[in-house]
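These notes concern the structure reproduced below.
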Amino acid sequence: MPHKSSSHATETATAPGAAALSAEGRLSLDVLSPLHPSAAASRLSACCHGGAKMALLAYSLGKREINHYFCIKNAKLLAFAAVLVLTVLHCFSRFYGGGDTCEWLLSTGRFLGENVWQPQGCMMHKYRSSEAKECLAQKQIAFIGDSRIRQLFYSFVRIINPDLKEEGNKHENIPFEDRSSSLNVDFLWYAEVNNSMKDRLMSWTEEISLNKPDIIIVAAATWSIKLHNGSSETLNQYKTNLTAVSRLLEKLAKDTEVYWVLQDPVYEELLSDSRKMITNQQIDLYNEAALSTLNGSKKNAKVGVKIVRASRLAAQETISESLDGLHLPESSRDVGAMVLMNSVCNKILKPIDGSCCHPRPPLNIVQKLTAGVFASAIMSFLVLNLLCYSKHRRSRHVTDLENAEEKRPAAATSMASLKVPFQSVCKLGLIMVYFYLCDRADIFMKEQKFYTHSTFFIPLIYIFVLGVFYTENGKETKVLNREQTDEWKGWMQLVILIYHISGASAFIPVYMHVRVLVAAYLFQTGYGHFSFFWLKGDFGLNRVCQVLFRLNFLVVVLCLVMDRPYQFYYFVPLVTFWFAVIYVTLAIWPQILQKKANGSGIWHLGLLLKLLALLLFICFLTYSRGVFNSIFSIWPISKLFELHGSSHEWWFRWKLDRFAVFHGMLFAFVYLVLQKCQVLSEGKGEPLFSNRVSNCLLFISVVSFLTYSIWASSCKDKTECNELHPYISVVQILAFVLIRNIPGYARSLYSSFFAWFGKISLELFICQYHIWLAADTKGILVLVPGYPMLNIVISTFIFVCVAHEISQITNDLAQVAIPKDSSALVKRLLGLAVFLLAVLQLTAHEQAQRN
């Protein structure tokens, strides 16, 4: 009889965190399993002496102390308290402290790295030419000022037309026109705030003005300092003129966007003799005059002139790179131009990775109904608790005289059975509120990612040190046993999380290795489900529904709450599709199981033919894009696999790892046949094969593993490497499996730290979209502004606790939602089909109204 762990592996290997595919997959409430004192003592006496014994004793006691004071139940209570406190603080800050993302965009920020500007608390979208033209179509924009504003003008129009050259007379007006979008951007030379500037602005305030701009960007000061040698009389005259101009600007601001750009610093050492009087002290005085005069300095001003401080902050860090000490280097003036573009266009185009000035999306009808369902569940749970409490009080003295035991009324038992699902739904409702607040409401801050090698590799070292610290002796020593597959999924998921939050996709070698990890998850999907069907032969509807429920429950809820299509959470559709393919491949006639194959070797050939047919089907879809599109464009399938009305994303994801599941199935078949033939030695401490064969395979595996890593590290083009990835990713996957399983000592150990995360890896993968990352994974959630490391620690702690709780909720609801009775299950499936069709219809209706 094959070993028990094969079926266990089946239960866990469907996807990141699909660990609980059976009732046996319930997660432990302990973060880690502490070593029992007697076990520790025997282990010490058996293997260690002297200093080594003391070190191992300290190691074991340290783990026990950690586990004693820190369990997942206490962690969740602490996380819940942290969420409440942080939510209150952020609400107070946003609604009473004057915090506003537009204000943050224009007035604050820092450089994350070269040319990467980060406003405080919000994300700045990097606009492309096509987006800028779409946003600014049929608009007139005027830049008014001196040579510094001319620089800003050129940086701005180069976003629209990257090929534009800085040409034209320096002290004259410069027009720019984009005929394709009917867009006009003009630079108007007004070097001083004087009557000439006043007359120009006054002409735009007249009702009959036909050339009034939609957007005005204005500033001037350095020429006033230069021409009058920085005299105090000139500063006073500047204030007087600015007061007159500000009235006109405020009048224009009622129906025009008006921006006043603060003066940037100078690099005094590089200034020519004719500009030596333009000191930073003088510039500060002129900026103070502007701030005291213009109403844009008032907090939370809904109308009026908007003050742009961000370009000044950027220039303070880069002015030393100036060629003449006065004019800005390209990096800082590009920051000013992109800040202006975000301020104008984010509220129009609403890019998901541009949270600055991004209006909060209104609730659609599906979200409102979902909120109503959760609210009803919470009310029902409260009523149920009151009824149970009331009945308990009335019946607590009613006893069975014969047995001298208290009898429990049938009604109370019935209500108690409803308590668990209602409690789970209530918990889920509260968790979904947190999801919504993190990634849809305008409460918590968001910042963009910026990749450096240290942000990826240093956390990687930390987690692997922790993984080694929590190394334990495994209960089983079979190939890919339950503990090992949980460990495998756990460390892969942690690597993927670090990859996402660090923005490491920008670094191609890391990107290619992470692609192998995704393929490895699919490999486990093929291995696990094939093993289960081959050994158990359970093709029943209940089994299918259990798997599909646990894979899809959280994603379906998030689609309703967060207003996102199913394909947005791409991995779940992927593993759901491949589970269906595996099921159909093995369930169709003739069903070939291990019991049947044991009777005649011809059935092994039959199964290989089935696998060959699956391989041909995959190849057919790969080279028949039209057939692929036609299959997944049929309603309602199209609603599940299309993103933004296109199946391109689904095609890309499917094609990238199209052979991984097949490889997993084939490996499972070969392994289980070899195991049945007793070719393998899977005892504790024994090498998997004979010493000579094991050493040879280990050598080949190590060379193959390193060869793939060298190839991936030398990749220069993502597209080309992605084309080869489906064919060669299996090399590193198989190499890892053999390295991990051929030595007996390696099979007998596992990391309980990684295994714990492996059991909830599906929830970790999905939850990261909204409560760890932000803006649908484009940015990083900021719960503790100003302290990046502390923010990561706290947000990660809450994120992990939430993922674990959702895993338990899913397990509890699966027991209720998927009954063992076939007729009841069919009725629920019909109800589910009606529900999903209704949601699709409501969504289609909502989209039609928006369009």
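Each Cβ is built from the backbone N, Cα and C atoms, and glycine gets one as well.
As written in TrEMBL, here are the features:
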- 117-169: domain 'NXPE C-terminal' (DOMAIN)
- 350-829: domain 'Cas1p 10 TM acyl transferase' (DOMAIN)
- 369-389: transmembrane segment (TRANSMEM)
- 449-470: transmembrane segment (TRANSMEM)
- 491-512: transmembrane segment (TRANSMEM)
- 518-535: transmembrane segment (TRANSMEM)
- 547-563: transmembrane segment (TRANSMEM)
- 569-589: transmembrane segment (TRANSMEM)
- 601-623: transmembrane segment (TRANSMEM)
- 656-674: transmembrane segment (TRANSMEM)
- 695-712: transmembrane segment (TRANSMEM)
- 754-774: transmembrane segment (TRANSMEM)
- 780-804: transmembrane segment (TRANSMEM)
- 825-844: transmembrane segment (TRANSMEM)
The transmembrane segment (569-589) vs the transmembrane segment (518-535): 3 or more CB pairs under 8 Å: yes
Positions whose Cβ lies under 8 angstroms from the transmembrane segment (369-389), at least six residues beyond its ends: 363, 412, 415-416, 418-419, 422-423, 425-426, 428-429, 432, 557, 560-561, 842
Paired segments the transmembrane segment (547-563) and the transmembrane segment (449-470) in contact, 3+ CB pairs under 8 A: no
Residues of the domain 'NXPE C-terminal' (117-169) by DSSP state, where helix covers H, G and I: 22 helix, 8 strand, 23 coil
Model confidence over the domain 'NXPE C-terminal' (117-169), averaged pLDDT: 94
